[in-house]
Amino acid sequence: MPIKSIPPIGILLLLLAVAAATAENNKGTYIVHMAKSEMPGEFVDHTRWYDASLKSVSGEAEMLYAYTNVVHGFSTRLTPAEARSMEARPGILSVLPESIYELHTTRSPSFLGLDQNAAMFPESDSASDVIVGVLDTGVWPESPSFDDTGFSAVPSSWRGECEIGTNFTKSNCNRKLIGARYFARGYEATLGPIDETKESRSPRDDDGHGTHTSTTAAGSVVSGASLFGYAAGTARGMAPRARIAAYKVCWIGGCFSSDILAALDKAIDDNVNVLSLSLGGGMSDFFRDSVAIGAFAAMEKGILVSCSAGNAGPTSYSLSNVAPWITTVGAGTLDRDFPAFVSLGNGKNFSGVSLFKGGALPAKLLPFVYAGKVRGKIVLCDRGVNPRVQKGSVVKEAGGLGMVLANTAANGDELVADAHLLPATTVGETTAKQIKDYLFSDSNPTATVLFEGTKVGIEPSPVVAAFSSRGPNSITPQILKPDLIAPGVNILAGWSGAVGPTGLAEDARRVGFNIISGTSMSCPHVSGLAALLKAAHPDWSPAAIRSALMTTAYTAYKNGKVIQDVSTGKPSTAFDHGAGHVDPVSALNPGLVYDLETEDYLNFLCALNYTASQINSLARRNFSCVAGKSYSVNDLNYPSFAVSVEARGGVVKHTRTLTNVGPPGTYKVSVASDDSVKIAVEPQSLTFGQSNEKKSYSVTFTAGAMPANANGFGRIEWSDGKRVVGSPVAVSWV
């Protein structure tokens, strides 16, 4: 039948059928989870069993990776039909499609009190024995932040290596950067061979993000660091004596879960102590989330895993990386700013921020426009979806002399500085409205931009960044996330020599250090601080280290006011800042910790009603929840409380256990809450006679009147008169 004789609905159905057939024949990458205990006796090696299982459904398919530590299974390319056939095979737990993750793109040590209290942290061999593994875009080994002067031999515990590749040799590693690997099989299987004219098929960082995160976590001390003179001073990572191992998993096209799992697999083999992942993807159940799966295996090996919370704030329920065995980090500001003022023709000046360094504007007011012909003028641009620096590049290319970038409601009054390609400043939404009032009402508007350099002592600080992702936790609302916040706005750290500070192709400038923002920056702060605590307390579990960081975090300024949320200008809540802003000096001696073991997390999975197969996919073992046993998410020994209530008068009970990691003493409890919830703790005091002694308590939450936003907040603190062990409380009506 000629096509023209087919009715329109028939053509549509035909096209849909063709598309479906095409999709059915198209191959995609899948992660195959196997029940290792069901391996037939004729196979001595599990990889041979994996290969035989694969060949039974596809004669031409090959394994991309065979995993050992993070997953019992492998990754491969299959058609949807082959994937369904594979899932029906004996010994197969699940066959999950690959996910693509994305990056969550010198004053930090001083702001956190590390400079003044350096003597409290170990500078001995214990500090240099700690290894921080960073999964990111690789490293620029020539950065002075990787200088190994004064470092002793590589720790004997290290089992990794320095892989060679494009523009990268074994000599690029040293006693500071002790290992570097790259993982690209999953990426190349989907997008084809890496274009080595655009990025290095090696651990070399052509993006800058990986160099920035790794040097934030554990960069060596570098004097005279700055970006074009901004933030001048000494740059140093949070744990400057720790070693760094780089795992390149992110490429121009993204970070593929098969590669991430392979990197986590190797990092565990390599014997890292802390893992830092400034990346995230969509929300999914833990047994489907590759980062959560890999982090579970790392946790079992005593490795703390720190992840960025995401940059999707200030929207609620916008968090990434919310598994309770992951430390989830949101972003706050420093007490440092880079002011650049907009001076208008009506005599008014408005404050913005900028990192521009270059030729000055003419010493006069210039024509000021919002749209139209821009040559020779200063242009007002609204912040939108495309990169902020790209807007300035477009203005410059069109002949504009300068730019005022105006925040919209989506970003409020949050100010993030950029190394613009032309004289430019960013202003907040409130300021932007006033500038627009002048621009649209004056018949001959004029303006200029004045740059003020670096200012410190900015108050209030910190404030929660508007971009920092927020709770509640959409996967398990009974677990409060983020865990805490750390500096993530305008952070100075090492940079790649392959790209300019804006990351734009047209930016020919090259810098040794760059200032960028994101929870990508706050995550490695906590990773490095965890390394410091690991050096000081080698026997502490990942849960104990996280607990110390959380229970000593602060939620108020010295004047007693709650940390501000820059997106609203109002006090932030536990859904914004978690337990509060990290305070590493206090975390060194927390007094008490909330500890957790693998079995606690397995019971938590039972409380989520996970099947035996789902638990096996995640935890790589046969573990059956006991029939008839009552499991409760509320009993997970977490350092914070997220309480779900249904109505006024509703009662919810939680139990917790504290472990003494300080001297003997008696801790008394105090509670605070708004009118929406009543908090009762029993017993009200706990006495510890020796180190590692454990004592339990219960908390009863009774719901009051539901607030307008259906959320209430409180706090529980235990104190011996010297130390305060604090836990945030967030109550949600469901």
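We count from 1, first residue shown onward.
For all residues, glycine too, the Cβ spot is worked out from N, Cα and C.
Pulled from TrEMBL, these are the features on record:
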ACT_SITE  ASP136  active site, charge relay system
ACT_SITE  HIS209  active site, charge relay system
ACT_SITE  SER520  active site, charge relay system
DOMAIN    29-104  domain 'Inhibitor I9'
DOMAIN    128-564  domain 'Peptidase S8/S53'
SIGNAL    1-23  signal peptide
Quick one: Cα separation, ASP136 (active site, charge relay system) versus HIS209 (active site, charge relay system), in Å?
7
Average the per-residue pLDDT over the domain 'Inhibitor I9' (29-104) and send me the rounded value.
94
What is the number of residues in the domain 'Inhibitor I9' (29-104) that are helix, strand and coil, as DSSP sees it?
21 helix, 27 strand, 28 coil
Could you round the CA separation between HIS209 (active site, charge relay system) and SER520 (active site, charge relay system) to a whole angstrom and send it over?
8
Just to be sure I understand the packing, how many Cβ atoms besides its own are within 10 Å of the Cβ of ASP136 (active site, charge relay system)?
27
Enumerate same-chain residues with a sequence separation of six or more from SER520 (active site, charge relay system) and a Cβ-Cβ distance below 8 A; give 'none' if the list is empty.
LEU103, HIS104, THR105, HIS209, HIS212, THR213, SER278, LEU279, SER308, ASN311, GLY488
Tell me, how many other CB atoms lie within 10 A of the CB of HIS209 (active site, charge relay system), whichever protein chain they belong to?
26
